Amino acid sequence: MAQYYTTMNLKSRFAPSPTGYLHLGNARTALFAWLAARGAGGTFILRLEDTDQQRSPEIYERALLEDLRWFGIDWDEGPDRGGDHGPYRQMERLAVYGRYYAHLQSSGQAYACYCSADDLAAERAVQRSAGKAPRYGGRCRHLDAAARAEREAAGLLPTLRFRVPDQGTLTVPDLVWGERHYALADLGDFVIRRSDGSPAFFFANAVDDALMEVNLVLRGEDHLTNTPRQILILQALGLPVPAYGHLPLLLGADGQPLSKRYGAASLRDLRKDGYLAAALRNYLARLGHHYSATGFLDSRALAQGFALNQISRAPSHFDMVQLQHWQHEAVQSLDDAAVWNWLAPLLRGKVPMGLEMPFVAAVRANILLPGDALDWAERCFGAPALAADAVEAITGVSPEFWSVAQATLQASGGDYRRWTKALQQASGRRGKALFMPLRAALTGLTHGPELAALLPLIGEERALARLHAAARRPSTPIETTL
């Protein structure tokens, strides 16, 4: 039944509905499908399932393409670049679907259904009260031409239903879940065209995959129950059936599936926060997929290490702490110039000209997001606020210590090593007792980058002013030494 791909002809796709900004669950689906194609040297298609016109404004299509490109995903065929199997928007393919609807109707495998939403709701309620699974009972299945004409004369607009065989079992192989078996009698006849003439998801999605020669479909676990219906459609039309693999759910911190309708973080949100695409790729690629390599990987290595048999069935939980780990790894993978290019939109005018690279070299190990770098720019070149523990460290030494610190700094000409060695000898302080108050006075924090790298950025004049300000704070009564 399923026409399995080979590494010579693998063709996968991402087929989102542009009804909102790309959320992380769909971003992971796109990434897995892209990694499968790129790892095998295959083809990757982007197709837009835009039949929900009320929820698919053009702004979301533009945003989707922009976000995917930023994420590092490219495509060989798609709505913006064309291809041999277009068009790549479903609303531009209605004539294509019409031909296949006509075929199913002429062969008796589809029929017009005039049941109203109220009729169907009442039928489902009766089935539930009897302890049965809801399914269409087939009220319109055997209407003759006269009965159909009567209903249409009354202004009823029919849907089109696929006629499911009354008996038998359909076996569906899945690359993640293995074989699953469905009793056809439990499926019920399902809608393949809405009453307004627009195609239902089951139908358009399956037909497009076949006509675009997609032979590997990776999508979310929530589509598992769609698969038997789509295979029935393809078999009825004599179209090829792709290999299906359904990815485990991606859950939020609350244990609920991530969804763009219910406030899930979007790729765009994280991009605006300053997260790097490489960090998100490394993290999402590992949510539901095992890599033998545990370190940071570029896109090529992620694709080469991707294997369908390494996809887990267990749901994955999105964890910001883990994303921050990969963000740190991504930042550290960049050279200083690339880090500056990432930070520059926020830091222009905050870092003196000529000090951009020394600033990056000094603080890069201490930043996850551009906002962190902005804080360090203020601490180096502005008027930093003092943290509570910094005030405690400053007031824990005597004013005389600060006087000696100023004098030895001036004598050293701003050389950090000479200064701290002279101050150690003059004050009798060493280690944390020496460096903690200095760090607190110079940066307003008790932690951070190496002071040796920060002092040239702060500059001797600014450093002296901060040491002088520290001397003016009253020391605590327990201070007995310089």
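Numbers run from 1 along the shown chain.
Cβ atoms here come from the backbone N, Cα and C positions, even for glycine.
Given the structure is predicted, the values throughout are model-derived calculations rather than measurements.
Here Swiss-Prot flags 16-26 as motif ''HIGH' region'. Sequence annotations record features per position, and here Swiss-Prot assigns Zn(2+) binding site to CYS113, CYS115, CYS140, HIS142 based on sequence analysis. Here Swiss-Prot flags 257-261 as motif ''KMSKS' region', drawing on sequence analysis. According to Swiss-Prot, the feature ATP binding site maps to LYS260, an assignment based on sequence analysis.
Model confidence over the motif ''HIGH' region' (16-26) is summarised by a mean pLDDT of 91.
Close to the recorded Zn(2+) site, the chain also has TYR111, ALA112, TYR114, GLY138, ARG139, ARG141, LEU143, ARG161: residues not among CYS113, CYS115, CYS140, HIS142 whose Cβ is within 8 Å of the site's Cβ mean position. In sequence order, TYR111, ALA112, CYS113, TYR114, CYS115, PRO158, ARG161 are the residues of the chain that are 6 or more apart from CYS140 (Zn(2+) binding site) and have a CB within less than 8 Å of its CB. Neighbour density at the Cβ, taken as the number of other Cβ atoms within 10 Å, is lowest among the binding-site residues CYS113, CYS115 for CYS115.
Other Cβ atoms within 10 Å of the Cβ of HIS142 (Zn(2+) binding site), summed over all protein chains shown, number 8.
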